[in-house]
Amino acid sequence: MDQFTLNLLVVGATFALYIGIAIWARAGTTAEFYAAGQGVHPVLNGMATGADWMSAASFISMAGIIALAPAGGYEQSAYLMGWTGGYVLLALLLAPYLRKFGKFTVPEFIGDRFYSKGARLVAVVCLIVISVTYVIGQMRGVGVTFSRFLEVTTDTGLYIGAAIVFAYAVLGGMKGITYTQVAQYVVLIIAYTIPAIFISLQLTGSFLPQLGLIGSYTPDGVDSGVAMLAKLDQVVTELGFKAYTSESANMLNMVLFTMSLMIGTAGLPHVIIRFFTVPKVADARSSAGWALVFIALLYTVAPAVGSMARLNLTTTMWPASATGSAFDGPAITRADIDSNPELSWIRTWEKTGLLAMSDLNGDGQIQYFAEPAATAAANRELAAAKTALAGAAAGSDLTALEAAVADATAKRDAALATDTIGGQTLAERGWVGNEVTRIDNDMMVLANPEIAALPGWVVALVAAGALAAALSTAAGLLLAISSAISHDLIKGMINPGITEKGELLAARIAMGFAIVVATYLGLNPPGFAAQVVALAFGLAAATIFPVLMMGIFSKRINKEGAIAGMLVGLVFTSVYIFIYKGWFFVPGTNMLPDTAANYVFGISPLSIGTVGAIVNFVTAYVVSSVTAAPPQAVQDLVESIRVPRGAGKAQAH
Amino acid sequence: MADRTSSNAYWAANVRIILTSLAIWFICSFGLGIILRPALKGMSVGGADLGFWFAQNGSIYVFLVLIFVYAWRMNKLDKEHGVEE
């Protein structure tokens with residue numbers, strides 16, 4: 001059976017499973033549609049939360065981001081700690097109390113606790129901005145995975161994915177989504193760990209990748225006596241890259257970025273609503289723990305996958321580095337890549353464009369190294385000059401452009417003569433530039449089974465796992481959007497008298513509408529899709545998390561304080577991001593260049609959510625203390641959510 | 001809220017447990033994993049240093065233990081104060 005048929009079979013089987021579950025678990029009431037009837041076992045809810053939380057970014061991109069970061073893999077630990085540590089905040093500060101409150105949506109809590117439709121509306125706006133942003137990434141992930149493994153175009157893949165989500169999310173609501181996510185979790189975790197275990201066995205002889213990460217390097221089963229991480233640091237630094245374990249360049253920024261991801265995680269509405277589905281307050285606490293167990297299974301493996309895949313790639317490019325120094329032997333030759341069956345994965349991935357190599361100096365070898373700063377800058381300048389020359393109109397005067405190319409070439413040659421790698425100048429080595437011109441972050445996870453020469457069904461499983469990760473997160477986000485529209489906007493503000501049946505229909509229509517919008521945005525992604533993720537986390541951190549926490553832990557914060565806090569947090573965070581990324585992400589409208597030298601105290605726009613949260617807390621406190629205390633009924637509400645007794649079923653009111 | 005005094009004692013105890021847990025949460029991730037890493041360079045864990053390990057793996061294990069211990073202590077506290085479900 002060829003790989004394509006295998007992929008089709010495995011992916012088709014998982015899709016049939018999801019649809020089957022959706023038919024079995026279809027929702028009949030709004031309580032089932034919004035909160036799965038509050039009857040989900042905490043362990044199953046933990047699994048569903050894991051799938052909900054772990055998106056295409058966690059599954060496909062994260063290990064590659066860590067492995068290939070120019071500043072070294074250590075600094076990227078912010079993702080590992082940030083995207084797990086947020087669950088501690090959820091379990092301790094939010095989940096049990098919001099479950100006790102016993103309603104269906106995050107804006108509903110904010111509206112009731114701060115006795116204000118305005119506060120509820122601000123929360124709805126924040127929720128929709130955050131969730132829509134996220135959905136775009138998931139839909140792209142679905143399309144890309146389809147196109148890579150199932151030989152359809154990205155757009156066709158996107159339509160198929162949207163149809164599947166439509167079928168089970170509109171039919172089943174939270175109930176269908178929850179049980180589908182449990183299945184999706186199982187698929188994605190098996191798909192992630194099997195290749196990880198094999199690569200760990202190959203490089204460290206350790207069955208558990210977590211132990212392999214700190215184990216010793218044992219190529220071909222022979223213990224080299226060197227730790228895997230020490231070996232990785234040695235080979236990459238020899239080639240001019242920063243060591244994997246090198247220290248962070250800006251500790252303050254790393255702290256704020258990690259904190260931003262943590263409180264952003266705790267403030268994401270689609271994650272919070274998962275804790276409305278369990279039967280009791282005590283279950284909300286333990287369910288957060290179970291969610292983290294299932295998330296940790298992937299997150300503790302990710303740095304092992306990243307570092308080992310990087311080591312594997314580097315020793316493939318420099319065969320001598322597997323046992324000694326990279327320069328003990330020649331680099332890999334193009335002829336070898338083209339003929340050696342063990343290296344066929346390089347050719348496969350070159351075809352996708354995610355991996356690109358070019359024998360720039362024409363010596364028949366592919367030299368993979370980090371260009372020293374002067375060479376890198378000179379090569380960029382040379383490439384720009386060549387592009388300008390190639391793009392010149394026919395018949396026009398080329399003298400100036402040709403002179404520019406000659407000038408840039410001379411500068412580049414000067415750089416080659418002075419920059420050194422491994423004690424020799426690049427000119428002495430005969431190199432003109434790094435010949436691995438592109439390695440995409442996403443390749444590190446997706447190509448792993450092929451690099452480790454695993455059987456075809458593992459490759460198919462990875463495809464199904466990537467789709468499961470993207471679809472499960474998309475479904476959770478779509479539910480958060482649809483409940484905000486049907487429950488908070490329609491039932492809460494526009495038409496409070498709507499019947500149960502009418503609201504359920506409205507929820508389904510809102511869900512269908514959200515899927516159409518998400519599909520459209522997936523087909524025509526705004527150019528700024530990547531930056532918007534920073535905005536989503538920043539906003540969740542600076543608006544929703546502080547207001548929820550204050551609503552539970554303070555009886556004194558009133559409606560004026562909460563609204564002022566959310567608005568100030570929202571404006572402060574978005575303005576700081578816009579200053580560096582462009583107003584509303586329109587390219588060219590940024591007021592300062594997006595580089596570390598221009599950041600205030602070196603705080604990057606990705607990390608600003610933490611500061612936004614502090615600004616929110618302070619504003620809410622100050623404004624509340626000069627305005628009237630909340631009414632007695634609200635203070636009683638706060639008292640009642642602080643004790644578990646009497647949680648029971650949610651009120652459909 | 002008939003039993004106001006008891007529920008206040010319950011809440012104060014809850015806040016104490018939360019603060020202790022958050023202190024550990026902070027020390028393991030931001031402390032050992034980031035701020036104290038340079039100071040702990042000497043302590044090695046399989047090819048890297050202690051701070052590196054906490055940043056990439058260790059802090060996640062601590063988070064897990066923290067949540068389950070919190071859930072367990074709160075269940076006990078709920079019963080002691082008679083506010084369990």
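Note that the numbers count up from 1, one per residue, in the order the chain is shown.
Cβ coordinates come from backbone N, Cα and C, glycine included.
Database features, via TrEMBL:
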TRANSMEM  A:53-72  transmembrane segment
TRANSMEM  A:78-98  transmembrane segment
TRANSMEM  A:118-136  transmembrane segment
TRANSMEM  A:156-173  transmembrane segment
TRANSMEM  A:185-203  transmembrane segment
TRANSMEM  A:254-276  transmembrane segment
TRANSMEM  A:288-309  transmembrane segment
TRANSMEM  A:457-481  transmembrane segment
TRANSMEM  A:502-522  transmembrane segment
TRANSMEM  A:528-549  transmembrane segment
TRANSMEM  A:561-579  transmembrane segment
TRANSMEM  A:599-623  transmembrane segment
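Counting Cβ pairs under 8 Å that are 6 or more residues apart, the transmembrane segment (A:561-579) and the transmembrane segment (A:288-309) reach fewer than 3 and are not in contact. Per-stretch counts of Cβ pairs under 8 Å to the transmembrane segment (A:53-72) identify A:457-481 as the leading one among A:118-136, A:185-203, A:254-276, A:457-481, A:502-522. Here the transmembrane segment (A:457-481) has Cβ contacts under 8 Å with residues 3, 6-7, 9-11, 14, 18, 34, 48, 51-56, 58-60, 105-106, 127-128, 131-132, 134-135, 138-139, 141-142, 145-146, 148-150, 161, 164-165, 168-169, 173-174, 177, 180-181, 183-185, 187-192, 194-195, 269-271, 273-274, 445-446, 448-450, 510-511, 514-515, 518 of the same chain, all six or more residues outside its ends. Using a Cβ-Cβ cut-off under 8 Å and counting only residues 6 or more beyond its ends in the same chain, the transmembrane segment (A:599-623) has close neighbours at 250, 252-253, 256-257, 259-260, 263-264, 534, 537-543, 545-547, 550, 557, 560-562, 564-566, 568-570, 572-573, 576-577, 579-581. Contact between the transmembrane segment (A:254-276) and the transmembrane segment (A:156-173) is absent: fewer than three CB pairs lie under 8 Å, with pairs separated by 6 or more positions in sequence. Sequence-distant contacts of the transmembrane segment (A:78-98), counting only residues of its own chain at least 6 positions beyond either end whose CB sits under 8 Å from a CB of the stretch, comprise 53, 58, 62, 65-66, 106, 109, 254, 257-266, 271-272, 275-276, 281-282, 284-285, 287-289, 291-292, 295-296, 299, 302-303, 545, 548-549, 552-553, 641-642, 644.
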